[in-house]
Amino acid sequence: MRLPGLGMRVYVIAGASVALVLALVAVLLTLPGEAPVLRPPEPEASGSPPDWRIELAPAEAAVWGGYLALGDSYSSGDGADSYAPGTARDGGCWRSDNAYPHRVAEVHAFAGGLGFWACSGQRGQGMLDQLGGADSQLDRLEAGTSLVTLGVGGNDLGFVPVLRTCMVRLPFVDADACAAQEAEIIERMDVLDGVLAEILAVVAERAPDARVLLVGYPRLFPPEPEGWYYTLPPEDQRWMNTMAAEFNERLRAAARRADELRTSGDGVGSVEFVDTYDAFDGHEVGTDEPWLNGVVLASREEGGITVDRSSFHPNAVGHRIVGQVISAQVELGPGRPLLVSRAAYARAAAAPSPR
């Protein structure tokens, strides 16, 4: 027998039961005791774990740690005056306060500061030979290094002897004094290719997250010289420009190969070429306002002229210009994503700021 109003009563009871449950939950949440633990949702079975790397904008990828400036006299500032105490001496590093590493550090606030270790006379092979020694530049690298500028190779090619042979030609009318050295220079470039690969491998091992900027060398003379410069006729000036251009292409290729190794590996850091070949356009040696030193005569000795080590090196203005080119590359980046390990980034953030 169907009881009248039973259906209505069932709904009322059901509604009351729901209300009672909600009230009990509210009471329980207000009772003293431990707060409920909030846990993030479990990842889906198909989801991947968080990347151990982070992607940074080009400038940020350069400044999160320390900046190390490595290389030879073109990086140390030999020829730019205002030398650091103890460095301006025979066999010294000739580190100038006007050198481009200081200009770069003025523009970008490196969390780990500047380590300026470039040294006049440094060879690429010497960098490898000095590992573990007191004068080693590469031993300054560490996991907290975020930017490395490396300018090296000119001494491996015998820049000073080549220049001396061109300038002090015996007999004076020897028209082939410069060009006759080309085959030997190319052989030295071939050797240097392997040396640079080893250096960049050491950098990758010791500063794996760093952006490495391999800095090229500027053109010394105008593309079309108007006349002789001391004992250098226009054809020899053009020849020296050609050798510099060839060397820069070798450096560009070395940077590209090293960067490909990075991207095919764990993907952190980078190796980039900084092209300074045309940086002094209109201000080369022999122009009215050169940004490089011309011939600096140290003394006259029996058998010829002694050309000072600072000859054909950028002056203070030249270093400021190179610093601008490097800073532009810092902002531009390599044209691909820049990744840094989260661990290295976190350690650098926790480290005290340099004084």
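A Cβ is built for glycine as well, from the same backbone N, Cα and C atoms used for every other residue.
Annotations in TrEMBL come from automatic prediction, not curation.
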Bond partner of Cys93 - disulfide, per TrEMBL - picked from Cys119, Cys166: Cys119
Between Ser73 (active site, nucleophile) and Cys166 (disulfide bond): CA-CA distance (Å): 20
Inter-residue C-alpha distance, Cys119 (disulfide bond) and Ser73 (active site, nucleophile) (nearest angstrom): 6
Which same-chain residues, if any, lie at least 6 apart from His313 (active site) yet have Cβ under 8 Å of it: Ser73, Tyr74, Asp78, Gly79, Ala80, Leu292, Asn293
Quick check for the class: what is the C-alpha distance, in angstrom and rounded, between Cys178 (disulfide bond) and Cys93 (disulfide bond)? 28
Taking 10 A as the limit, how many CB atoms besides its own sit near the CB of Cys166 (disulfide bond)? 21
